[in-house]
Each structure stands twice: as C-alpha cells, then as structure tokens.
Amino acid sequence: MFNNLNILFLFMTITSTIISISSSNWLGVWIGLEINMLSFIPLIILPKNILSNESAIKYFLVQASSSALFLTSILYNSFNSISLTNMYLNTTMMFLMIIPLMIKIAAAPFHQWFINIMPGLSWSMCYAVSTWQKITPLFVLNYFFMKNNILLILFVTLSSIIGALGGLTQTFLKKIIAYSSVNHLGWLMASILISKKMMIMYLLFYMMTNAFVMFILSLNNITQFIQINTKILFISFTICMMSLGGLPPFVGFMPKLILIKMLLQNELLSISLMLVFTTLVTLFFYLRLTFSIMSLSSTSQKWMCFKYTNKNILIYSLMIILSTVGLVTTNLFLF
C-alpha cells in the first residue's frame, strides 16, 4: 500500500531522473543517480517479505558499487573537465566511466544481478527496474558513443545474444521477462548508434509494450503460468507478449522496423542481422510460453468459467487495441 512517505519516495525517484538527464556536468549526473537509488530502495521493500528485502540488498550493493566507480572516474578526470559537452577522455577513462553505467542498466555481461533480483520484486517494481531506472544511464551513454563505436557494438552484441539465449533456459515467468529486457537493451543501445531521438523513440515504445504485459500480470496477481486460466486473460497476455517481442502487425514491431531501416542506411548490416536473429529467438520462447500456458490451463475448470465484468472487458479490450495498431502507426512513421 502507498502512504504519504512512499509517494514522496516515488516523487524523488522521478525527480532525480529529471535532475540527472538535465544536468550539464558529471557531478550533477552522479547526485541524481544517488538520489534515485536511495529513493527507489524503499519502494522495492514495500511487499515487506524476505524476497523483496533480499532483492533490495542486492540492488543496493550493485548500484552503490557502480556509483562509487563512476564517481572515482569523474574525480580522476576532473582536472580536464566535468562538463558533459566538453569532454576530453582517453580510452582508459572512457572505459572506466562506461563500465559503471553498463552495470547500472544490466547490460551483458553485467546482467546477472538483474536476473537475480527480479523474482523478489512486485510487478510494478519489475517494470520500474526494466524501464525507468535505465533512463539516466542511457541518456548519459549518448554523450560517449558515436557511429561505429566498437565498445558499444560489443555490448549490443552481448546483450542481444545473451538476452535471447538466456530466456530459452528459463521456466520462471519473471526471469523470462528479465532476459527479454536484456535483449531489448541490446536494441536500445543499438539505437544510440543512430541518434538520441531514435533511442528515445524506441525507449518510449518499449515502455509502452512492457507496461501492457506487466499491467495484466499485476492486475491479476500472476506469478506462475497456471494462473493464466481464462480465455480473455490468455488472449490479452498472448497479444501483449507478441507485441513486446516485435511480431508484426503489433505495435512493438514498429520501432524495431524503423531501427533496422536506419541501421541499414548507416551501413550497419551485421548488427541488423544479429538483432533480427536474436529477436526470432525471443519470439520462439514467447510462443513456447503461450503454448505452455494453453496446455497447462486447458485442464483447469476456470478456463471456460470466467466471470466477465465490465471493468475486465474494458481493460483487456484496450490492451488488445493498443497492441494491434502496429501497421497503421508504422505507415505514419515511415511514409
């Protein structure tokens, strides 16, 4: 339950992100990141159980360690400049500043902490860690990388491949979505190779499609496959998952199509092919997930006996409509 104190922490989490992305120097970015971490941890432990407390401790240790490394690199480079727009970094200093940011956003191979904390989080916190908490590091990374940056391409490759292959071995719902988030992070970092606007566009669509899935799971308090035991819930969940995976004609297909088009225009064919192939793998385990749900739920008596309320019908219908407008919106953006 949210009380006044938790609302304050939520407000601080949002405000700290705005402080970081609007700051003109590294110290302001670091301060925003620290406020964000300290205000987000109380939100993680809202369920007040052992798993949420364990996840909060892991999150704190990882974020505090990466923040300490980030601050060290800022101080080491302070004799040159602390301005974001006037950087003179050698290769070593760039590496030292980028690694903490990659740890914070759980880019492969620094993704394992993210996978481990997901089972202990509520669905709303899973969504926040997968999307909102990555905004500041992604914006900061835009200041480092230009076209054909080898280091960024390496992280794009690792995140997309590990995110896709890791999901194949999972049967736990939250871990499957966690590996999916790592794969999407590869797409997000690939969009940085194009432009900041491209990254923002992909991030907004990812936040929207991810919100559909998380909202359905949170609304019905679902943690296991067997709990998806009604037709309308199954159909809504399947459509939203396919949209998250980028299957046409769903809305999640649009940002992927635009990004692939831009990568090809910038002669980044190998990255485009790799992203497409790894997305096919993620779609495979999404489909495998839906088939598992269908086979497990078909024996449940509730599969055919669902009480249709106006509220449920309205919510699920809205999710389906918003997830299936991909072809129309794609035409608006491309032509």
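Here the Cβ of each residue, glycine as well, is placed from N, Cα and C on the backbone.
A TrEMBL annotation is a machine prediction, not a hand-curated record.
As stated in TrEMBL, the feature transmembrane segment covers range 7-23 out of the listed 7-23, 41-57, 109-125. Tertiary neighbourhood of the transmembrane segment (271-291): same-chain residues 153, 156-157, 160-161, 163-165, 167-168, 170, 173, 176, 180, 183, 186-187, 190, 193, 225, 234, 237-238, 241-242, 244-247, 256, 259-260, 263-264, selected by CB-CB distance under 8 Å and a gap of 6+ residues from either end. Counting residues 6+ beyond its ends, the transmembrane segment (150-169) has Cβ neighbours under 8 Å at 94-95, 98, 102, 107-109, 111, 115, 141, 144, 176, 179-187, 189-190, 192-193, 271, 274-275, 278-279, 281-282, 284-285 in the same chain.
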